[in-house]
Each structure stands twice: as structure tokens, then as C-alpha cells.
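Report on one structure; see the data block that follows.
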Amino acid sequence: QDEEKWDFVLVSNIHEAGSEKEIKRKKFLDELSKKGFTIKKIEDKKLFYGVRAPKQIFRKYQWLLRNPDSRLQNADAHHDVPVTTRMRIVNFILQNTVTPDLEKLHDLMKKKVFETTFPLHEKEEVREFLTEKWARWREIFCQQPIEEIRCYFGEKVALYFAWLGWYTYLLGIAAVVGLVVFVAGITIFNSSQVSKEICEATNTIMCPLCDQKCPFWLLSDTCTYAKVTHMIDNEGTVLFAMFMAIWATVFLELWKRQRATVVTDWDLYRWDEEEEELAMELINNLQHEPRQYQHSYFRSTIMLFLVLVMIVVLIGIAHALVIYRVIATAFFTQSNLELLSEQANTMAVMTGAVLHYITIVVMTKVNRRVALYLCDLEKPRTFSQRENNFTMKIFTFQFFTNFSSLIYIAFFLGRINGHPGNYVRIAGKWRLEECHPSGCITDLFIQMAIIMLLKQTISNVMEYLVPWVAYKLRKKQQRPKKRRVMLGEEEEAEDPCKRQWLSNYLLDEVNIFSLFDEFLEMVIQYSFTTIFVAAFPLAPLLAFCNNLFEIRLDAIKMMRLRRRMVPRKANDIGIWLQVLEAIGILAVIGNGLVIAITSDFIPVQVYKYTYSPCMTENSTDVDCLTGYINHSLSVFRIQDFEPYTKPGLALTGLRCRYRDYRNADDYSYTVQFWHIFAARLAFLILFEHAALCVKLIAAWYVPDVPQSVKNQFLHRKHSNLRKELRWVMRQEV
């Protein structure tokens, strides 16, 4: 039965006898035969070539990479290599076999000599177990069988699922805390003094939100909006942002411990990727010379310049979204539909968020092409180096694609738009948006909620449906016909390999970035969950629910809808760990800025402890925030409007109010503005230093490697040295 197990299958179209493609194919297969490979050909609508590597290849691999701790073992003692290792070695040899025309498999596939190549899903015990106990929706709350995943897909895939499981497990804690903070916000929905004042401000006339058709309006009209804002923007959110900064650190430190335990069990803790790659190169070709390490400052400078150009393009797209929102607000305000004209700003934010999601989907594809092109320009030395370079570039591009618009809403919206009589305009025509009198944080909340919900529903549904539909269509098109198997001159009517090879061929293709895509999706989600969590306390809950489905979705895709991935060896999650640590630092900066700049937390505290009745009149029987709204609105004289703006008629009086701290005479900033500005800056420095100190303490407090793992290595070294000493003493005798 072992003789009928094939390591890989190569698929080719049926080419005309004597054609260039057929000659190239024959040359490649001849090279494999010279290396001792067994090749079996099956003809259907396509040509299928099963390849099986000779045993001596795996013996060489075992001898070259035998455990350095077991040098004293008998050289002849060898065990069968695991299936995943077989596949990895065979794939390496296939990819690096050179024909007499100096072409590799990659070049032949470009020239359509071969269509595809893949390892087989075998009907083995591990597969049955994973299909039943892992790739099932009913197992959604069960622990994952990481050891079995490793035996079937290799260490890299197993580490991805171990990391994703650990991340989801700890997200549960953050989700509960976020939910408590959000529910606490709802309970004080009606009790906030600030929103009470807005609801009671029936005499406060606000300046128009646009130029021509917009009327003056009463502050009390936005009562509900003010209540919703306070539900998000309260003291609990500040504490939650601090908690999430610590959570991100603790999560990574605990993951390092978890990873150390897992890879020690696999005996891979001190595994050297470079040594493995050199060994496989030598097994494939004894004359191989390794590529030297090189660094070109000129190439790095060009690369940096091109990356910066791409970032500028992505920021330009964010600017286009801002312009859309400005024009949409003006358009909706002038609409005849009452709902649109009354909620113009909110509708612009919501449609802008949907548009932002569409740009994310489109730019993800563009970013990938650009990142791959830049990687090709760099000419990295090894595949893992290429993967690391690609990871850094695409993450940078994706970060700007996903977050540029959010950064604008969080830190620039309502702060660069000028004031009545002197508005900042796009093309001298459209006014930039303003913040609501109760703050800008609700806009950020709406934007994040829409993007996260769309990403987690539409993207996940498409991620599953597209391969499923494609697989079903291919299956339907494949009509069972009588096929022939050609083994030399003999012909057989039936062959046990036919059905298996064909069913594997009909599955969705996997590429080297299939697992990378899953990682990127999760890391971007991790960014959403941590960086702006102060504005959206429900982010961890949404991420937690999504991940429960994501694990099973990925499992079902890998087991049933996709061809088997080529296993990869790994002892950590690679450069992603550095990316996650960078996000942890960005989370501290991002949340500090959201609380200091976006939120009304600082202006409220400054008022409470400096200008409130409690401080000025020593009144203890009134709420300390009484008068805050009146204090935070500036006065504007209607005759000072630009002549061409023609605002609607005022309800009463000749003055209107707007959100800012400016003098009524010359519209310069008041003392309060500078007081609040200083307080914001002081809070930002204090928050970030405190959070970073706590992060450092947490990183020190939780050791990266558990003591049990250290003791295991200590014991192993001790016993090996003792064995060596005994052997030496025996030789002396």
C-alpha cells in the first residue's frame, strides 16, 4: 500500500506530440527520474503525473539535520520521516530542479507547460479525525487539536491556529470588560449633566451647518445624539483604554510562553531555518553554493522612496473620502427628504464608512500587487526573507488603507474647519465638516462599527462562499467519462489513484500566501480591537464572536474546499510578533490621543476643576458640570457672516453659537482654549508614559519562557554531557 502513496501530483494540459511544451515537460520529468523519482502518468482531460521521491533523499535529510544532542546515536538508526516533512522536501526539490534549458518549475508553469502542482489529501486517520473533530461548526466552543493539525498541515499552520485560539481565548476577557463599560454607559444614558443641558437648551440658537439652505437650529434638537455620545464618552472609557493597553502586552507575553511550551514539545525550540534550507539545497544539488548576504543602500533608498509614494497615495484616498463627506453633507442638507436634511451629517458619516469599506476591499488587491512588485525589486536572499519583506510592506499599506480615514475623524475632524465668518473650504466652495457640540467621538464610533461589521459579515461570507461555489461549479462541469491509465505500454480500465487525484485537482488552489492572508486579516482585526478601542468599547466583543467562527471557517476551507497546503516548518509566528508588538505601542499612542483630543474628557475635567460653580462659588448642592455647555460654546455675530453664504433667517436675536473657545469681539482664542490645550498635552504625556511603564512592568513580570521549559533543556544538556563523559571513560578503559 505504501508503494501507491504519492508525494506530489503535477498537472499538465495535453500538448501536441513534438510540440515545444511537450519537449520541455519531458525534459523536466527526465531530470526528476535522474534523481531517482518514481513517476506515474494518468491521462484524463488533463495529464496527471504522480511523483514519489526515493528513500535515500529522506535518509540524507535525517542524517544532515539529526538532533545535535544525539550525535552518539547509531548512524544507521533512522525512523520514517513524517508525511509533512516528506512533502516539504519533495516540494523543495520540485521547485529547484533545473532543466537543461535552465528552467525551473516556476518558469514552466508561467509558460503553461504545467498547470499546477499539489500534495494530496490522503484518506488517513489524522484527516478523518480533523474532519470530524475540528472542521465542524458544532465544535465551535471546543479546544483545537493542535498536535493533529501539526501532523497533517505542518508546524506553520499549527502555530497559526495555536496563536488564533490563544488570541480568541484572551479576547473573551477583553470582550467582557468592554461590554461592562458599554452597559455602564447605557445605564447613565439619561443621568449625564452635559446631555441634560443640551436637551434643555431650547433657547440656544446654533449657527447653520452649511452655507445656503441651512437654517439656524436649536441645540436641544440634538438631544438624542448628545445622550449617545455620553454613552461612549465617559470616565469608564478612559479606564478601558488603559486596560486594553495592558491587555495587549499581557496577551503577547503569555503567547510567548505558550509558544515556547508548544515548540519545546515538538522539539523545535532551537531549530535553525537557515541550516534546514542549506541542507535541502545540498540534497537537491551537491554542487550548490549558497547565496551570500548582501545589502545595497541605494536599493534600500529607492525602496523607501517607493513605499513613501504608495503611503502618500493611500493618504490621498483618505482625503478623497473626506471630500466625499463634505460634498455629501452639503448635498443631503439641501435634499427635499426631511430625514436626509435633518440627519445630513450622520448620513454622510454612514455612507462615507460604506465607501471606506469598498476602498479597503479594492485597495487590498492593489496593495498586494505593489508589495509583491517591490519585493521582486529587492531580490531577497531566501524565501523566508522575501516573506518577511512582503509582510512588512503589505501591513504598512493595509494599515494606512484601513486607518487613514479613522485618523482624520479622530484627530482632525472639526479642528481644522475654521469658524463662522472664516471657514476653511475645499476649492473655495465647500465647508469642512464640524463636530457636534457634544463631541466628535460618535462619528468615530459609527465609522468603526460599520467597518468592523461589514468586514466581519460580508468579507467572511465571501471568504467561504466564493471557494464553495467555485468548487461546486468545477465538480458539476467534470462529467465522469471512461478514462485510460497509461503505464508504459499497458492500459488499464480502472486505477485507484484516478479518483483521488481528480478529486484533489477539483479543489480550490492554494498558494504560498493562503496562510499569510489569514494572518493579515487577524492582525488588522487586532489593530481595530486595540488602537481606537477608546471610541468603540464593543470592538473586542465583535472580534471575539468573529474569531469563534473564523477558526471553524478556516478549518472547513482547509479540510474540504482547498487542496492540501504544502507544509512549512516553523518554531514561531515569525515577523508577525514584531508587527503585533508595534501595534501594542500604537494602541497606547492611539488611545491616548483619542482620550486627549477626540473625547470631551479633558475639557469636561478642566471645567469641573477650574471654572465650574463648585470651584467659583463653592456650591456643593449643584452638579459641578452645570453650565459646561454654555461655557464650551462661543458667540458669533450674524452680520459677520461672509456676504455670499446667505444663511437662513435667525429665529431671534442677532447672534448664534458654535463649538469653540473664541472671543466674541475678534474671534481669537480665549484663555480657556489654551488652558484646555495644555491639559490635553499634559494628559497625553502622562497617559502614554504611565501606559508604557505598565507595559514594560508587565513584560518583565511575565517571563517569556516558562521555568518548566528551561528545566527541560537543563536536564537534557546534563544527561547528554553525562553520556559523553561515560563514553570517553569507556574508551580510556
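Glycine too: its Cβ is placed from the backbone N, Cα and C atoms.
Now, the feature entries from TrEMBL:
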{"type": "DOMAIN", "residues": "83-146", "note": "domain 'Anoctamin dimerisation'"}
{"type": "DOMAIN", "residues": "149-712", "note": "domain 'Anoctamin transmembrane'"}
{"type": "TRANSMEM", "residues": "166-189", "note": "transmembrane segment"}
{"type": "TRANSMEM", "residues": "237-255", "note": "transmembrane segment"}
{"type": "TRANSMEM", "residues": "301-327", "note": "transmembrane segment"}
{"type": "TRANSMEM", "residues": "347-364", "note": "transmembrane segment"}
{"type": "TRANSMEM", "residues": "394-413", "note": "transmembrane segment"}
{"type": "TRANSMEM", "residues": "523-549", "note": "transmembrane segment"}
{"type": "TRANSMEM", "residues": "570-597", "note": "transmembrane segment"}
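Under the criterion of 3 or more C-beta pairs below 8 Å, with sequence separation of 6 or more, the transmembrane segment (301-327) and the transmembrane segment (394-413) qualify as touching. By the Cβ criterion (under 8 Å, sequence separation of 6 or more), the transmembrane segment (570-597) is in contact with the transmembrane segment (394-413), since 3+ such pairs are found. Of the two recorded stretches, the transmembrane segment (394-413) lies close to the transmembrane segment (523-549), with three or more CB pairs under 8 Å once pairs fewer than 6 apart in sequence are set aside.
Taking Cβ pairs closer than 8 Å, the transmembrane segment (523-549) reaches residues 140-141, 164, 167-168, 171-172, 174-175, 177-179, 181-182, 185, 232, 237-238, 240-241, 244-245, 247-248, 395, 398-399, 402-403, 406, 410, 441, 444-445, 448-449, 451-453, 455-456, 460, 576, 579-580, 583-584, 586-587, 590-591, 594-595, 598-599 in its own chain, all 6 or more past its ends.
Counting residues of the domain 'Anoctamin dimerisation' (83-146) by DSSP class, helix then strand then coil, yields 33 helix, 3 strand, 28 coil.
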